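Enquirer: Here it is: the structure, laid out below.
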């Protein structure tokens, strides 16, 4: 019994183990068949590719990081230069897409941009020329020379073309801005304090020089009497661009402050310019009028009266509009002032009273400044910024009007003779007219020297007669206009640097210096100036 039961259990256990082994073999063979028969999935290939890409990208990132560390992003000046170059290229692309060939070499827009850039650089270069104890040279000389070079260098002249209509329009806008600044710059208080001497100094030399130049140019250059007086009033105006910076420099150092010489010259200079522009406008209206002489004189008077009346009306309008409760008051006043000034100059040409526009601009700016009182300073500052833009254009365009090849030596020589004669007479008349103003001999000499330089007004109105002559189409009048413009440019080139140097050299030697001594309780004492005085224990005082 025992053997049979043991045998049976042994048999059953062996059978179960065989079944287990057989099942595992079958399952293993099935698994092998599945692995062998089934194809490889595409996702596996993609996973392998992604893995390779990730490996390569990680290596690229490492390389980029290393490159970034070695070559950092451009900053500071390099970034600024690249940004400006890109902006200029973008601006050029936009303008080219709109204007086409106008912004390419030989086009009008290209010529204006090149002229503006060259004039700005020329002004900067000349302004950097500064000698010790001397005022800086006026930048307008560099601007004028830049236009002169662009006009007379053979290959550049062909590429830089400027349309005469555009040139005339831009010069008229610049003239409007100059007259607006002159009107805003008039100081009623200073004028009332220095009224007698100021009036003599503003009226006498201007009228006498204009008359002398008219007579001399009539006999030497063959100009008609009316054109002689046009030339005379063009050359008779003193230049605020030279006188004012020089006077401010001397005033800051205390020279002539005790007797108010800088204030006198700056105030009288404004009236001198107004008188010259008024006389020029009147003679210009007579020269281009048709009819009898008396009718021409009457028309000139009508231009003066009409310009004053129009300026009064527009000036009163600016006193009340825009009102003080509006936003951006300074900006709106500036835009209204400049807009009405430019409109007055252009509209006077349309109605045939060319001389009335400039006078209207002066009056409306002066009256608006009186109405605004102390609020005129920010407006004057914004007008000054607009002048910074149009000054290079004005002097560059004036220089570009002169073609050296067409100038005859006789015209240049006789023109210099006219200018020299007028300057000598102006010097003597100025010395005589300030004789009873309470000044000593040295101060009279200095005032006479400071009253010589020409620049701004000559550039503004010197080409006006030529523009009207071109519109008229008369070749004789065009020749007269070119003669006037040529002499205006010669006057600028000769008197502006001489005047600036003369003021800088004569001021410290001829004027008494007013100083303030800290050790004496702030008492101010005028002392006779000597070159090389010690400045350690003094502070300068100004009465501007």
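Backbone N, Cα and C atoms are what each Cβ position is placed from, and that goes for glycine too.
All TrEMBL annotations are machine predictions without curation.
I grabbed these lines from TrEMBL:
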type	residues	note
REGION	1-51	region 'Disordered'
COMPBIAS	1-11	compositional bias 'Basic and acidic residues'
TRANSMEM	76-97	transmembrane segment
TRANSMEM	109-127	transmembrane segment
DOMAIN	131-499	domain 'Cation/H+ exchanger transmembrane'
TRANSMEM	198-220	transmembrane segment
TRANSMEM	226-250	transmembrane segment
TRANSMEM	262-288	transmembrane segment
TRANSMEM	300-321	transmembrane segment
TRANSMEM	342-369	transmembrane segment
TRANSMEM	414-436	transmembrane segment
TRANSMEM	484-506	transmembrane segment
Enquirer: What residues elsewhere in the chain lie close to the transmembrane segment (198-220), defined as a C-beta under 8 angstroms and at least 6 residues from its ends?
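Expert: Same-chain contacts beyond the ends: 190-191, 227-229, 231-233, 235-238, 264-265, 267-269, 271-272, 275-276, 279, 414, 417-419, 421-423, 425-426, 429-430, 433-434, 437, 447, 451, 487.
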Enquirer: Using a Cβ-Cβ cut-off of under 8 Å, list the residues of the same chain that are 6+ residues beyond the ends of the transmembrane segment (414-436) and lie near it.
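Expert: Residues 197, 200-201, 204-205, 208-209, 212-213, 216-217, 220-221, 231-232, 235-236, 443-445, 447-449, 451-452, 483, 486-487, 490-491, 494-495 contact the transmembrane segment (414-436) from elsewhere in the chain.
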Enquirer: Could you tell me whether the transmembrane segment (226-250) and the transmembrane segment (342-369) are in contact, taking contact to mean 3+ Cβ pairs under 8 Å with a sequence separation of 6 or more?
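Expert: With fewer than 3 qualifying Cβ pairs, these stretches do not touch.
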Enquirer: Mind checking which residues reach the transmembrane segment (76-97)? Cβ under 8 Å, same chain, six or more beyond either end.
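Expert: Here the qualifying positions are 103-104, 109.
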